[in-house]
Amino acid sequence: AFFCLLLCVPWGSSCPPSCQCTERAGAKAVLCSSRHLEEIPKDIPKDAVFLKLDANSITRIPSNAFRHLSHLEELDLSRNAIEKIDRAAFKGVAAGLRTLDLSSNRIRSIPKEALLALNAKLRLANNPWHCECALQEVLWEARLDPDSVQDITCHTAPREEYVGKPLLQVLDAGVNFCSVRQRTMDVAMFITMFGWFTMVIVYVICYVRHNREDTCKHVDYLKSLPSTQGHAETTSTAL
C-alpha cells in the first residue's frame, strides 16, 4: 500500500520545498502563496497548470522564468514587490496562459513585448504606473480584465494633471501619450540635425578663410618677385 501511494503521488521529488503541490479540477496546481519567497522557484513541476506565487517578496521576473511550464494556464503573481519584468519573462507560456495576475506590485513600467504576445487576461491594477506610450499600447492591445482596468492609475505622468487619475479616464479625455513621445523625438531629431548643419557651416567658413589667407600670402609673394628681379638688374649695371 505504501509503494502504491508513492506511485499515485508523482509530486514528491519535484515539488519545491516551500510550496504545496496538489490537484485542482483534475489539473496540477502548485501553491506557493505567502512563503516569503524572494525569487521564482526553479524546480516547479513541468506539468503544472495552476501556479500561485502571490503574497511573497519577489522583486523581478527574469527572462524565461516559466519557459519549461508549457501546460501553465493560470499564473498569480499579485501582492509581491515586483519592480522589473524582462522582455522575455513569459516566453514559452504565451500560447496556453489564460490568466496572469500582476496586480498590487511595484511596477512602474513594463516592456510591451512582455505582454502583447500573451493571450491571457491581464490584471495590472494597484501598481505605481508611470503613464506613457508603452502602457497606453498595452491598454489598447492586451486583454485586460474588465473588472480591474479602472484601477490602473497614473502614479506619475508627463503632466501633473494626470497624476492620480485612472489611465482609461485620461485616454478617454483625448490624451495620446504616443503622439507626445513622437513630438519629443521629432524635436530631438531636429535639434541634432541643426547641430550637425551648424558644424558643417562653421567648418566651411573656417576652410574658406584658411584658403583665402593662403591665397593672399601667395599673391603677395608673387607681387614681390618683379621688384626683387629689378633690384638685381640695377645692381648688375652699377657693377
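Backbone N, Cα and C define each Cβ position, glycine as well.
For reference, TrEMBL has these:
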DOMAIN    14-50  domain 'LRRNT'
SIGNAL    1-21  signal peptide
TRANSMEM  187-208  transmembrane segment
At a C-beta cut-off of under 8 Å, are there same-chain residues at least 6 beyond the domain 'LRRNT' (14-50) that contact it? List them, or none.
56-62, 65-66, 68-74, 76
DSSP helix, strand and coil counts for the domain 'LRRNT' (14-50)?
0 helix, 11 strand, 26 coil
